[in-house]
Structure formats: C-alpha cells, structure tokens
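Novice: Below is a structure I'd like to ask you about.
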Amino acid sequence: MSAFTPREVVSELDRYIVGQNAAKRAVAIALRNRWRRQQVDDDLRDEIHPKNIIMIGPTGVGKTEIARRLAKLAQAPFVKVEASKFTEVGYVGRDVESMIRDLVEAAIALVREEETEKVGPRAEELAEDRLIELMQGGGVKSSSATPPFGFAPPPPPPVQRVSDSAREKFRAQLRAGTLDDVEVEVETAESSPTFMRGFSGQGMEEIGVNLQDLFKNVPGMNKTRRRRVRVPEALQLLRKEEAAKLVDPDRVQREAVARAEMNGIIFIDEIDKIASREGGKGGGGPDVSREGVQRDILPIVEGSTINTKYGVVKTDHMLFIAAGAFHVSKPSDLIPELQGRFPIRVELEPLTGEDLVRILREPKNSLLRQYTALLSTEGVRLSFTDDAVTELARIAQQANESTANIGARRLHTILERLLDEVSFSASEMGPRDFQVDAAYVRERLAAIVQDEDLSRYIL
C-alpha cells in the first residue's frame, strides 16, 4: 500500500492532469485513508469502510484520467467499467458482478507480473542453461507435456553435459549477442484449445468454475509444439517458461484476491446514463431497467461476496469511484440508497482556454511532446511557438463552444488536422526543422474556424 501523503498525491497527479484540484484532493484523501486504516487496531479496522466518490463534470475534463493515475500511484488493481453496458438480472447482457471478476483478473495480472519480475534473474539463468544444453545437442522439453492415456512417458533423451568452462563461454556469447543469428529448435506448450476458450465464459465464472483448470490434467489436452526460432526468441520463450515454474500460482492467487479486496479501485463511468429522470418514481419503459441496474450495483457497493473462479471475493473495502456528465439527469435522480453509498461528491469544472494551453504544454505526456517524439523518428524536429499553442487552444475552445463540448479530447482531432500534411510527408522530407507558428495554425484550420456547420462534423 502506498504511503504517499495527500499533498504528494496531488503533486503527482499535477504532472499529468491540469486543474481539477477539488477532485484531486478528494481522491488523495481517499488513498491516504486506506493507508491510515492499515495502521488502526484489528478490532476497529474491519469497521472502517472507504468513502466512495462520485465525480460530476462534462466529458474530457479528466475524470477517468484521475482515477487511472491514482491506481497506478497506489499500485492497486484497477478496472474501468461503463454503467450503461450493464443490464439487470433477467435481461440479456453483462451483469454487474462481472466488474468484480474483472478486478480480480487485473489483480492476478498485477501480482503475477510482480512475482515474475522478482524471479527474473533466476529465470534468465535457468533459460540460458537450457539453451546451452540445447545447442550442445540436448533436448528442451516443456514440463507441461502429458503422454497419451495408457502409455508411459518416454525416457528423457540423453543430454550431453557441458563443462563449466564451456558453459560460461556460451553464456558470455549469449549475453554479448554473437549468437543472435543462430537458429535453434525448441518445444513450447500450446495455449488452451479454441473450443475450451469458448466455454470459459461468464456463466461458468458465476459459479466459480474454470473449465481450463478442470481439463488441464486430461490426457491429450496439454500439447507441445516444436518451433525453430532464433536464439533471442528462444531465450525469451524459455525465460517465460522457467519464470512460470518459479512463480507459485497459489500464492499469486491468494495475494491477488487479498489485494483486490483491500486495495481494489473500480471506476464506474457513465453512471448518469442509468439515472432515472423521475428519480425512480416513474412508470415503465427503459427506466425500469435503469433502476434495476442501480439496485444490482447497490449490494456490491455496500459490501457483498462474489463468486469468481479464484474463490469468493468480498467487496466491503473496495473503493468505488463513479463519474458522469449529468447533462440530462442529475445525481439526485439516482435511487436514494445508491446516493448514500457515494458520500463524497466532487464537481469538475469545464476547461477554459487557459486550461487548454496548459494541457498542451505542462503534462509529462502532453500531446505536443507526443507528436514531437513521433516525428523525430523520421528525422523531423518539430517545434511549436508560443503563439501557435495559444491559437490551437483558442480554436479548440471555439469548437467546443459552437458544437458539443468534449473538453481536452478536442485537442486530439485539432492536432491531427493541423499535422496531417507533415505526418504524411515526414518520411520523404528527410532530417529538417519544422516550426509551427500561429499563421500556419490559422492556415491549416481555417475551414474549421470559418465554417461552423463543417465543424459540427469534427470530433
């Protein structure tokens, strides 16, 4: 669990997100409260539940990015879902419990990656040893191969032992890259059959059954495939296989489930789309289904147990962050019980022209830095003058005001239109400097500025 102070969290979020200080403070406090909870005595710890957050603001102002960056900062399992994709029980579609299963899968991947990184040096050494034996005439067999039913496993082929001096010589050549062009033949385990993947869907996860685990010991299901590859790829395949042997899957599963339960973050986007305009008091129509989804979400947010293929998962201490534009509906249109489960309400401000200028300049991964890095691969040294950046922000703001306000996402299509010509011709231009000024911006984007009807077709 991250021990960042709220001020440090806000400072870190400032590197990627412009403005929205109220939302940053809210998520920073929520993250710190998780750390504080871990320091509390055991008898009180289970009684402290996270305070869920609902973000209200137009699209493109940073709601999703704040939640995503927070999860990375906390090194916590994170999943983003859209409330409008869910249907209530009895209707065709995704059920709300799938968000918990997705979170556990994200936690499994996160913990497995951490454990694989820990055993990386040892796996590298073992992979090199196997590759050296292979190149000296030995065999490399996959440990997951299963003999046909009724037959004893074949005896292992004789392996020509390599002396320590020869082994170190080969190892030095491997690491120096002098053997990169050599081809070797290795056996690798095949992935699960296609028909098995077709049966491992949502229905089986609901009852906590993983068919691939059930059938993994059936004779003939685990097959290997012989491949002829170059040494670097062979080393990568063997490294992956050795790392899988060194990582304890049971430990990964236990740690992942615990981390999902205690540190998991679920971002529920478009929650305004399931808000009934009558506040749940209306009659039939689609509002019935909307309210049904809300009532299905309610026990998960309150705290319940969900069956997954990795076991039972409790949702009592997961942090839920909901977000919505609420252009048509309003937060009070959600059912009262669900409103009460999101006690922290934060309103995000629409982006101004000054905000768009800062978004182009300040973030660590700003769009201008991205385009500059992309074109530098072709030898084109792209640069933007200050007046060009200001003009870009002004045009984006004007387009947002005259058509739909999509916030910072407008900058993506504005820049694509601006740099269309240089992106197309960069490979033919050769190494050169290319400066974008305000005059060039107005020239390239004149049609968007002058024709308001045309701008309605531009995202």
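Glycine is no exception: its Cβ is also placed from the backbone N, Cα and C atoms.
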Novice: Figure out which of V10, V18, V111 sits with G60, V61, G62, K63, T64, E65, D269, E337, R409 in the ATP site per Swiss-Prot.
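Specialist: Among V10, V18, V111, only V18 appears alongside G60, V61, G62, K63, T64, E65, D269, E337, R409 as ATP-binding in Swiss-Prot.
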Novice: Just name the winner among V18, V61 (the binding-site residues) by count of other CB atoms within 10 A of its CB.
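Specialist: The largest 10 Å Cβ neighbour count belongs to V61.
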Novice: Name, in the order they occur in the sequence, the residues of the same chain whose CB lies under 8 A from the CB of E337 (ATP binding site) and which sit 6 or more residues away.
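Specialist: The list for E337 (ATP binding site) reads R295, L298, given in order along the sequence.
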Novice: Let me spell it out: for each of the binding-site residues (K63, E65), count the other Cβ atoms within 10 Å of that residue's Cβ, using every protein chain shown. Which one has the most?
Specialist: K63
Novice: In DSSP terms, helix, strand or coil for V61 (ATP binding site)?
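Specialist: In the DSSP reduction, V61 (ATP binding site) maps to coil.
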